[in-house]
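Here's what TrEMBL has on this protein:
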type: TRANSMEM; residues: A:20-41; note: transmembrane segment
type: TRANSMEM; residues: A:53-73; note: transmembrane segment
type: TRANSMEM; residues: A:93-116; note: transmembrane segment
type: TRANSMEM; residues: A:128-147; note: transmembrane segment
type: DOMAIN; residues: A:149-439; note: domain 'NADH:quinone oxidoreductase/Mrp antiporter transmembrane'
type: TRANSMEM; residues: A:153-171; note: transmembrane segment
type: TRANSMEM; residues: A:183-204; note: transmembrane segment
type: TRANSMEM; residues: A:224-250; note: transmembrane segment
type: TRANSMEM; residues: A:290-313; note: transmembrane segment
type: TRANSMEM; residues: A:320-341; note: transmembrane segment
type: TRANSMEM; residues: A:347-368; note: transmembrane segment
type: TRANSMEM; residues: A:389-407; note: transmembrane segment
type: TRANSMEM; residues: A:427-451; note: transmembrane segment
């Protein structure tokens, strides 16, 4: 150890009790994809091993997440601080119910996308490094969910952002480069704002550890420009989450990548913005959340309604889904704006639902394109007679995203509407209901045209066998229906996650065991 | 570039730069330097060589594909971070050991291997970018 080599006694600055092997589970969701990503980069030209390594690593990461979630549900937040340095100087990974559960949903979605990529990504995409980027992106995503340090959160944002650039331009088509440029510039702008806000926060508080911020914020918030900080963070994360009026980058880019990548983007990436909003406002700056709640509520309502209006106006299936993603972000932000445990739990439950359902919808679009050779609703038709199974999946997913039983969208929306009415914002409940109605119309139109309408012209496209697509959709359909018919376990996890945000004592104690609260 | 002076000097400059980059990397634990800046110097060496002799010569001199170098560096760094699992200390804790070599004791730590990993990541990725840009110009 470095201690013996140094003339200064460092033992006061270090964690001296040994780390239990079981605590290492917190690193598994990050380290496993990272090592797999490195391996895939090393053997970039041995493409036949790629998919197996990627799927295996994601399975392991998923198991790690399941173990981690079980652990934090049982014993509360778990912390590991890098390099033995005492927090707040050492960088902590702190998993709580919120981070672990959202990471679990995201990793499941990534696993299904990797499964689907077996039909979607050919040898060329593999040589280009699809699976390597996928692994590095998931390492970044899981790192963002698990880290307990706000600067480290920024670093993980960069990791998954840069990997997502790689996934976005896979194939280097002109259209993709166009989408990627918009995506890259606007997202880099968002991350720069995030960095600026983080620097300001550090200047004001002298700490970046989230538990430490949560601890000192109530004492010092009157003597620092806390409102400015909160607004900067809000703007940065709202941009990541694609909230109105900074949502324009999403529909401009999400229809261009391969469908396996688009599904992962649509399912996971915007939810990290929502997660960061919940984390910073719910846990670190609750008073500033109250300050901004009216603004956030209006932004949420506008995002919901304008997002889904965009979906009604489009004819390309993938662009429609891009707007539906935006509308869902608005619904989650409504829960944030309420500032209550009920609102947070509704938003978190909605995030689980949205991660899985949006991934499934993009994959469904991919299956439809594989069968009919087009994403355009002008010619996409006749799927009900030719492929009834596609029609069944489409029906289930459209119910889910509109918030109708028996699928997953119903209960989180019920929770959010009740929280809105209890929280004295019935107009927000009305906005959620209106956006659900419009979503139903937008996707009902898709169902009518693509599925029910008799084939307008005989398809000349090469039909891609939908077998793997069906398997991927089935894996996602199980939790989607489960959330719809037996929502208790999910609602419980969401409520616990929300309670962990508003009552920070367990989180703080996990990082600073000596603090008595 | 077709000037005789540059083409004659380039191999010497490049090899000196590579040597210097290793020195800077190893020095970096307690003094200015480290894997990142060392990797940048090494990537510049590859770039200088490439400007003088063209991209194929650099690819041949590197032997491994630059992205494979970056991948192995990432692997080395990640494994150095995880190595502390065997010592009951958190992730990324430096673990030290020593071995005798020609009568002297040499200390080695996962800190050094981590930095070497960073060196390889930076060398690989920046060389890869530089070569791609250079190739595009030729074609």
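Note: Cβ is positioned from N, Cα and C throughout, glycine not excepted.
Here the structure is a predicted model, which means the values were calculated and not measured.
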Between the stretches A:20-41, A:153-171, A:290-313, A:347-368, A:389-407, which wins on the count of C-beta pairs under 8 angstroms to the transmembrane segment (A:427-451)? A:290-313
Beyond a gap of at least 6 residues from its ends, the CB atoms lying under 8 Å from the transmembrane segment (A:290-313) belong to 227, 230-231, 234, 238, 242-245, 247, 251, 281, 320-334, 336-339, 425, 427-428, 431-432, 434-435, 438-439, 441-443, 445
Tertiary contacts of the transmembrane segment (A:389-407) (same chain, 6+ residues out, Cβ under 8 Å): 324, 328, 353, 357-358, 360-361, 364, 367-368, 371, 383, 413, 436, 439-440, 443-444, 446-447, 450-451, 466, 470, 473, 477, 480-481, 483-485
Long-range CB partners for the transmembrane segment (A:53-73) (under 8 A, at least six residues beyond its ends), listed in sequence order, are 22, 25-26, 28-29, 32-33, 35-36, 39-40, 95-97, 100-101, 103-104, 107-108, 110-111, 114-115, 131, 134-135, 138, 142, 493, 496
Counting only residues 6 or more past its boundaries, what in the same chain has a CB within less than 8 Å of a CB in the transmembrane segment (A:20-41)? 50, 53-54, 56-58, 60-61, 63-65, 67-68, 71, 78-80, 93, 95, 103, 107, 129, 131-133, 135-136, 138-139, 142-143, 145-146
Best-packed against the transmembrane segment (A:183-204), counting Cβ pairs under 8 Å over A:128-147, A:153-171, A:224-250, A:347-368, is stretch A:224-250
